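**Student:** Structure provided below as structure tokens; questions to follow.
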Amino acid sequence: MDDLRIKYIDLIAGAADEGALEDLRVQAVGKKGEVSLKMRELGKMTPEERQVAGPALNALKDEINSALAAKKAALADAALDERLRTEWLDVTLPARDRRQGTIHPVSQVTEEVTTIFADMGFSVAEGPQIESDWYNFDALNIPAEHPTRTEMDTFYMHRAEGDNRPPHVLRTHTSPVQIRSMEAQGAPIRVIAPGRVYRADYDQTHTPMFHQIEGLAIDKDLSMANLKWCLEEFCRAYFEVDKVELRFRASHFPFTEPSAEVDLRCSWKGGTLKVGEGDDWMEILGSGMVHPKVLQAGGIDPADWQGFAFGMGIDRIAMLKYGMPDLRAFFDSDLRWLRHYGFAALDAPNLPAGLSR
Ligand code: DAH
């Protein structure tokens, strides 16, 4: 029995892996293992002999079993250590810059603009792209016979035969989000609403789907002066220049009174845009004081509240800032264009670090 003990304890200690260990278990304490065979011999012994040999064999069997279990655990530990040593990863390494995909300039500029307005206390609002006639037009003081409805080259949705309700439209601007936000939040309110808009138009600077960003601020005593300050701050931050000069040109929009189109002083010398200097003026947005009827449509009493609104083409200001000459290329999904004009995925725009690194 001592020979068996020494033999198996030694072999178990030297086993290289779980397979070898299992072979040893079968050899020693399996059904036909050496210890098991010895146990069968107990039947041929005298009761006195059996009283000594029985417990001794059982003890040997237990000892071998626990040696097997201990070795199994030790092998598992060693295997885990080896895995931890080889499957090692330094999570503090800097992320790899720019691989296949890039952030589209429209997404980048949307982020830049919302970042700037967020800093001025505006929160982001959204509305549906399929909009009712009422939100897209009537609520914005554009009645059925108003010429704006045809000027906007509206896409109308289909209505079933015999259904005489006005059809829904693909929204022609982000202005309906003004109404939806006023309804949802009341006054005072400060929101910025970026999104897709649609018009039947197609050339170098027009695509049937494009992007706008709408701004709306309503409070007790907001005026054109507040609008001007906000837009100046915005242009300074967006074009990343210290000095900007804006020109407010009287205009007309049904949803604002008074209305102004805003031009930015710039120069195109040498074919590149410089903001804040030169003798050119570039139109960048439409704006004005929110019309009392629009406040009413949004459930806000114009006797108590007033404010300003503006709407801007995201694609257009992206083209200006990043020097992209043709809007149609924005939506061609050409990888070469995206690699050239796209932005690194991990550089989210923020004011302290810079908008467009
Ligand atoms: N909705 C207008 C458009 O698409 C742009 C606009 C002009 C929005 C003046 C406004 C605004 O909020 O006040 O052409």
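Even glycines carry a Cβ here, placed using N, Cα and C.
Copied straight from TrEMBL:
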type	residues	note
BINDING	GLU257	Mg(2+) binding site
DOMAIN	107-352	domain 'Aminoacyl-transfer RNA synthetases class-II family profile'
**Student:** Provide the number of Cβ atoms within 10 Å of the Cβ of GLU257 (Mg(2+) binding site), excluding the reference atom itself.
**Tutor:** 15
**Student:** Just to confirm my parser: what is the rounded mean pLDDT across the domain 'Aminoacyl-transfer RNA synthetases class-II family profile' (107-352)?
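**Tutor:** So the average pLDDT across the domain 'Aminoacyl-transfer RNA synthetases class-II family profile' (107-352) works out to 93.
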